[in-house]
Every structure is written in C-alpha cells, then in structure tokens.
Amino acid sequence: MGAIVLVALMALVASSSAFSDIEHNIMKLEGENIISSSSTPNDDQSSFSDGTSDMVESLFLNSGNRNLVLMMLSGRPQPNGRCIGDAQPCGFLVSDKGCCDPNYCSQYSKGKCICVPKGQPCGLLHFCCLGLTCDGSFNGTCK
C-alpha cells in the first residue's frame, strides 16, 4: 500500500506545472528520517502556492515505509545495521533493505548491489568502491 501511495504522489508532483521550477535535493539521511529541501531560483524561498514543496517534503518525512524510501533513493544501509551484501539481489519487490556501504542497487527492480570501480563514472547515487572517491557530485570519476 505504501509503495502505491509513493508512486501516486511522485506522479502527481511530476505532473504539476510548478514542479519544473523545483530543484529538489536530498540533503541528508539521518536515522530513519529523510530530510529534504526544495528551492526555486530567483524566489524568496517561501512555500509554493500549489503546495508542491509541502507534498514533496511530506512524502519523504512521513512515508509509512521509510526503509523502502531509503532503499529507492540511495541503496544505503538501514539504521538497524542490516543490509544486502556485494552482488546480492536488491531493489523494489526484492527486499526492503538497502545495500551495504558503499554499494548501491544497480536497478530499482531486480538489481544487484554493486559499487563503481576505479576510472568509471560516479555521482550522487552511484558510489565508488571502498578506498576510492568520486571527484564530482553528478558527473565524476572514481579515483
């Protein structure tokens, strides 16, 4: 039920005309709460008249299935310490646990927990293997 609500809300937000003005950034994962911020360029940072930012924030902060939201966003391990190991199946409909650090799930559905090797592209949701760092936030390379 929580997944259906999540998909419905994401579709509603994506179809909103104000959504094109939103730059949505995941700021931090902290315990079981996902903290997000929404902003518009050249705006006074006040809330949107159509309630879009409130809807997005509510989706992330008050989701009934935080483990699923965490896993779908980043594949990071859950606060209780349980996670999916290297090359193990992961994704929506497979498990509500995330991949062990620094791995991420290769696909939202029926993926495998992997990390990005040296010299390969990395970024916000594609983490480098242990001992490597990504030199860019979105279009970096593991070094």
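Even glycines carry a Cβ here, placed using N, Cα and C.
Remember, predicted model here, so these are calculated numbers, not experimental data.
Some features that Swiss-Prot has for this protein:
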- 1-18: signal peptide (SIGNAL)
- Cys83-Cys100: disulfide bond (DISULFID)
- Cys90-Cys105: disulfide bond (DISULFID)
- Cys99-Cys113: disulfide bond (DISULFID)
- Cys115-Cys129: disulfide bond (DISULFID)
- Cys122-Cys134: disulfide bond (DISULFID)
- Cys128-Cys142: disulfide bond (DISULFID)
**Message:** I need the least crowded one of these disulfide-bonded residues (Cys90, Cys99, Cys129, Cys134), counting other C-beta atoms within 10 angstroms of each C-beta.
**Reply:** Cys129
**Request:** Determine the Cβ neighbour count for Cys113 (disulfide bond): the number of other Cβ atoms within 10 Å of its Cβ.
**Result:** 23
**Message:** Quick check on the disulfide-bonded residues Cys100, Cys105, Cys128, Cys142: which one has the highest count of other Cβ atoms within 10 Å of its Cβ?
**Reply:** Cys105
**Request:** Tell me, in order along the sequence, which disulfide-bonded residues from Cys99, Cys100, Cys113, Cys129 have their CA within 10 Å of Cys90 (disulfide bond).
**Result:** Cys99, Cys113
**Closest of Cys83, Cys100, Cys129 to Cys113 (disulfide bond), Cα positions, disulfide-bonded residues only** = Cys100
**Message:** Quick check for the class: what is the C-alpha distance, in angstrom and rounded, between Cys105 (disulfide bond) and Cys99 (disulfide bond)?
**Reply:** 6
**Complete:** For the disulfide-bonded residues Cys83, Cys115, Cys122, the largest set of other C-beta atoms within 10 Å encircles the C-beta of Cys122
**Item:** Pairwise Cα distance for Cys122 (disulfide bond)/Cys128 (disulfide bond) [Å, integer]
**Value:** 7
**Prompt:** How many whole Å apart are the CA atoms of Cys115 (disulfide bond) and Cys100 (disulfide bond)?
**Reply:** 10
**Prompt:** Relative to the Cα of Cys142 (disulfide bond), which of the disulfide-bonded residues Cys83, Cys99, Cys100, Cys129, Cys134 have a Cα no more than 10 Å away?
**Reply:** Cys129, Cys134
